[in-house]
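Following: one structure in structure tokens, then a few remarks.
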Amino acid sequence: MAAAGSGGAGGPGPGPRGRWGGCLWVRGVLLVLGGLPAGAGAAPVSLGTSPPCRHHVLSDTEVINKVHLKTNHVTKRDADGHLRIKTIYDQSIEELLPEKRYLVKNKLFPQAISYLEKTFQVRRPAGRILLSRQCATNQYLRKENDPHRYCTGECAVHTKCGPVIVPEEHLQQCRVCREGKWPCGAVGVLDPEGVRDADFVLYVGALATERCSHENIISYAAYCQQEAKMDRPIAGYANLCPNMISTQPQEFIGMLSTVKHEIIHALGFSAGLFAFYHDQDGNPLTSRSADGLPPFNYSLGLYQWSDKVVRKVERLWNVRDNKIVRHTVYLLVTPRVVEEARKHFNCPVLEGMELENQGGMGTELNHWEKRLLENEAMTGSHTQNRVLSRITLALMEDTGWYKANYSMAEKLDWGRGLGCEFVRKSCKFWIDQHRQRRQVPSPYCDTLRSNPLQLTCRQDQRAVAVCNLQRFPNPLPPEYQYFDELTGIPAEDLPYYGGSVEIADYCPFSQEFSWHLSGEYQRSSDCRILENQPELFKNYGAEQYGPHSVCLLQKSAFIMEQCERKLSYPDWGSGCYQVSCSPQGLKVWVQDTSYLCSRAGQVLPVRIQMNGWIHNGNLLCPSCWDFCEQCPPETDPPAANLTRALPLDLCSCSSSLVVTLWLLLGNLFPLLAGFLLCVWH
């Protein structure tokens, strides 16, 4: 995968896949939406914008399968321990700047690997891992009843896993056939000890490769060797592009998510491995040729999987002008994935989980469909708040190589319980149905981005967001033209409008964003990150970012008052505020003042004093159940909660009189003191 900070739009080129203006200048601040590349002539865009993930499967000459592991006893499904990943850092990691090296070795990879080791168990090989050597000519022979492969000619000087050179102490003895003839045998040093107490060896590098310079990516990863008994990957690599490693605290969560995503590709979620999956009894789900391998698809450059793993299906797809077209999708149809997908969407007839069908080679088929699982960790771009859901854990179980600990799955709100119409039809059908009922078409949206911005909340209510519906420079493909009408848009222009993230089938949705100043990243709109707290003089809505903060809708724009001065921020609609749960219900905190939400949709009049200003505004209560495990029945708010005691206005007549009296006394005090001193003497 080629992952990046937050992105998901198409790459360069004509038509909808080309670059477009995705930036808004807001009083000197560049607002960049994740997944919106900047148009020509726009201000520079930081790594917050990137192309989709492109997981490049290594070619069949770069991947070595059927690697013999000594005493590799395999049991059926009953794994006996957590997955053990051994991390080997390349010299290029040691050459990073100290703060980047510390981030990679002490935070990013240890935390990612700790999570994955707790999440998965494996059919553990009892022996050590010794990897096969690559051949100088990429040609080799195998002998019947001999588990090793023999290079025709010579072994390669170096064996690589992706761009990283594998240490000699991890490699089997070189075995060759001179001039391609028998007898063949081992040459050179004997087998070293290899890697003990590991199920998977991960080689981590920070090499400035060609991919790093051309694809604007943070990192990429893949597997490079598979063991002989069950075809499970036993070695892989992850390469971090050195110039893209960020040490900013606000970007750590995104980078950690990227590293997890990369390692999961190397462990099993890869189109290059679909043909090697096994059932729960250890039998291959795809038939094997005489050489013990699945058939190879030369047009795809992959081993061809069977329809027990991936199946092609046609959907009836609503588009504009009341037309229905046929939309081809590929579904992953292994048993646990089907079970978890049906439960998640509440669709008992769902045939499987849809794989990505856009983004080009490396994105297609290697990820979940972005339209259906927007912020799931294994979708093809990082737009916001990645979570590793039960569906991905189910896929890893269905490889036949792992058992998943589902208590480690993270909650995925996107698409949850929305039914078959959501998961099997186009987003146009969903949006139109909700428009007819005068309902918000969540998780999609149909509000055009404008200046000033109309802010809303991300679907999980953890970040401020905007609808990413926009105009493209060219008409979208007819299959992705969804709108029969948009306020203020002429009918002839409607084919140009869609969501900014191509791999979400151009479906528009509310998306978090980040602020940039002179091209430099300032902060994101994620409510939970303390470093996103706005400066006091820019905090119009009296917002509070931090671990206990959520996004709340604003009924009206907040106004800052100081004597005769009044200021308001043109971009409004939502903000970040702390909430807490109580026996009385959900409490919203604005600075140190709490407001009780008695029911969803209740208007909270806010008037607080902060930094010498009075902040006036109205917030809308969410449902208590959105954030609390126990909630009282909803009631109308008491009168006392509707009209709260207002803070003292320091510029009112009464307060001005008090101030004037104190000033008068202050001026009179020296005169009075002087008079008393004179009398005393």
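A Cβ is built for glycine as well, from the same backbone N, Cα and C atoms used for every other residue.
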* Among His148, His158, His170, His367, which residue does Swiss-Prot annotate as binding Zn(2+) together with His261, His265? -> His367
* When you measure from the Cβ of Glu262 (active site), how many other Cβ atoms are you left with inside 10 Å? -> 28
* Quick one: pull the CA-CA distance for His367 (Zn(2+) binding site) versus Glu262 (active site), whole Å only. => 12
* Under DSSP, is His367 (Zn(2+) binding site) helix, strand or coil? -> coil
